[in-house]
Amino acid sequence: MSYTKTQAKAGYQAGVKDYRLTYYTPDYTPKDTDVLAAFRVTPQPGVPIEEAGAAVAAESSTGTWTTVWTDGLTELDRYKGRCYDIEPVPGEDNQWICYIAYPLDLFEEGSVTNVLTSLVGNVFGFKALRALRLEDIRFPIALVKTYQGPPHGIVVERDKINKYGRPLLGCTIKPKLGLSAKNYGRAVYECLRGGLDFTKDDENINSQPFMRWRDRFLFVQDAIVKSQAETGEIKGHYLNCTAGTCEEMMERAEFAKELKTPIIMHDYLTGGFTANTTLAKWCRRNGILLHIHRAMHAVIDRQKNHGIHFRVLAKCLRLSGGDHIHTGTVVGKLEGERASTMGFVDLLREEHVERDLSRGIYFTQDWASMPGVMAVASGGIHVWHMPALLDIFGDDAVLQFGGGTLGHPWGNAPGATANRVALEACVKARNEGRDLMREAGDIIREAARWSPELAAACELWKEIKFEYEAVDKL
């Protein structure tokens with residue numbers, strides 16, 4: 001009898017069996033319809049890696065700690081997860097990548113919540129494992145097609161706001177907490193009239209005593225209308241609809257719709273995938289863009305031996321739904337290597353991405369024509385970073401300068417103008433064939449000669465750098 005199969009006909013025998021007898025199947029060839037997962041496994045001393053990998057496959061699918069008589073009431077060989085390959089992690093002791101295949105029928109259609117409940121559930125507390133990290137998931141086309149995905153996507157967003165050929169510019173309003181609704185709206189107006197495309201609620205802003213959500217929405221929409229009238233451009237502000245209950249979240253979204261705002265916002269990890277998918281479907285029905293913030297992600301993804309890599313959270317967001325998501329900047333104050341960051345940025349934006357371990361992509365992923373998500377670069381960036389940001393992210397991104405706009409010595413509007421001039425100069429230089437990375441300083445200095453706003457920003461931030469080594473490196 002093959003130990004890689006569960007044979008009910010062999011008869012029920014109580015007791016505890018090694019997981020590897022049933023769930024380690026190195027001869028298995030994954031099917032096109034399987035959900036594939038790559039786990040970084042660190043077993044406890046004395047636990048063979050084959051047993052550890054099989055335990056992950058078992059505990060995240062059909063297994064439990066002992067043999068149960070109800071195993072004989074179903075065809076476990078059809079439903080079990082299979083650890084089909086194990087590779088050592090280069091440069092690391094006692095760490096392996098275990099590849100596990102899950103049958104499609106284990107997962108509810110259109111539910112990111114259900115996928116994560118299985119794959120990153122109780123197995124992460126398993127005593128036989130010292131640490132466990134989900135590095136990547138391959139979602140088969142058969143499952144991808146059960147999700148709506150982004151409410152609109154990159155192409156439709158550009159058509160809605162009538163802006164092409166460059167990244168979009170944004171700004172998070174600061175201070176993040178404490179402003180009254182009227183002063184908050186004034187800050188939004190100054191940024192938008194100065195040249196930004198979007199402004200943003202900080203993720204912390206919901207409906208606090210100093211600024212209730214309804215008041216904020218009203219003053220912000222007034223700022224949008226005024227700035228559009230002055231500039232002739234379509235403007236927007238990410239109104240954060242995240243709330244304590246789904247009912248309150250939807251009430252805020254409905255009010256934003258009444259105001260005819262073009263875009264709203266949700267904190268998808270703290271708010272939860274069920275709430276996020278609900279909001280994304282509503283946004284498509286109502287023609288409103290959805291900006292996604294990733295507050296809480298570093299708690300989950302920053303440690304390289306335990307947790308969930310952000311590329312998994314990014315893929316799950318594309319399925320759940322969002323038109324923008326924060327991805328880090330590579331050059332700013334937040335964690336992120338270039339190769340790894342661009343790996344998950346491509347997974348957000350492209351229709352088809354090939355396996356590429358040099359960028360942390362463990363599986364080829366086909367999105368079956370699902371719309372792409374705009375990457376948002378935000379966190380500790382200023383005008384001197386503009387050439388690098390354009391070189392790294394290209395056009396389909398939102399470059400979001402909070403302190404890099406509001407910290408301008410002349411105020412918000414000049415800060416916005418400085419960023420817009422720097423961006424337009426970099427786009428022009430790129431289109432002329434200049435090397436953005438090699439000529440970065442020259443490009444910015446040339447533009448600053450005829451823009452006093454940019455010159456002042458360049459002088460203020462000329463010494464500001466964030467040169468720390470990334471914690472989570474490939």
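Note: Cβ is positioned from N, Cα and C throughout, glycine not excepted.
Taken verbatim from Swiss-Prot:
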type	residues	note
BINDING	ASN122, THR172, LYS176, ARG294, HIS326, SER378	substrate binding site
ACT_SITE	LYS174	active site, proton acceptor
MOD_RES	LYS200	N6-carboxylysine
BINDING	LYS200, ASP202, GLU203	Mg(2+) binding site
ACT_SITE	HIS293	active site, proton acceptor
SITE	LYS333	site 'Transition state stabilizer'
* Asked: Of all the binding-site residues given, namely ASN122, GLU203, HIS326, which is spatially nearest to LYS174 (active site, proton acceptor) at the Cα level?
  -> GLU203
* Consider the recorded positions ASN122, THR172, HIS293, HIS326, SER378 and say which one has the Cα lying nearest the Cα of GLU203 (Mg(2+) binding site). => HIS293
* For the binding-site residues ASP202, GLU203, which one has its C-beta crowded by the most other C-beta atoms within 10 angstroms? -> GLU203
* Asked: Distance between HIS326 (substrate binding site) and HIS293 (active site, proton acceptor) at the Cα atoms, whole Å?
  -> 6
* Asked: Non-local Cβ contacts of the residue listed as 'N6-carboxylysine' (under 8 Å, 6 or more apart, same chain)?
  -> GLY170, CYS171, THR172, ILE173, HIS237, TYR238, MET265, HIS291, GLN400
* Structure fact -> Should one count Cβ atoms within 10 Å of each candidate's Cβ, the recorded positions LYS174, HIS293, ARG294 would be headed by HIS293
* Structure fact -> One finds that other Cβ atoms within 10 Å of the Cβ of THR172 (substrate binding site) number exactly 24
* Cα separation, LYS176 (substrate binding site) to ASP202 (Mg(2+) binding site) (Å, whole number) -> 6
* To do: Rank the binding-site residues LYS176, HIS326 by the number of other Cβ atoms within 10 Å of each Cβ, and give the residue at the low end.
  => LYS176
* Local Cβ density at ASN122 (substrate binding site) - other Cβ atoms counted within 10 Å -> 10
* Neighbour tally for SER378 (substrate binding site), based on other Cβ positions within 10 Å of its Cβ -> 24
* Any idea of the Cα spread of the substrate site, ASN122, THR172, LYS176, ARG294, HIS326, SER378, as a max distance in Å? -> 37
* Conformational class of ASN122 (substrate binding site) under the three-state DSSP mapping -> helix
* Whose Cβ lies within 8 Å of the mean position of the Cβ atoms of LYS200, ASP202, GLU203, the Mg(2+) site, other than those residues? -> THR172, ILE173, LYS176, ASP201, ASN204, ILE205, TYR238, ASN240, MET265, HIS293
* To do: In whole Å, note down how far the CA of HIS293 (active site, proton acceptor) lies from the CA of ASN122 (substrate binding site).
  => 26
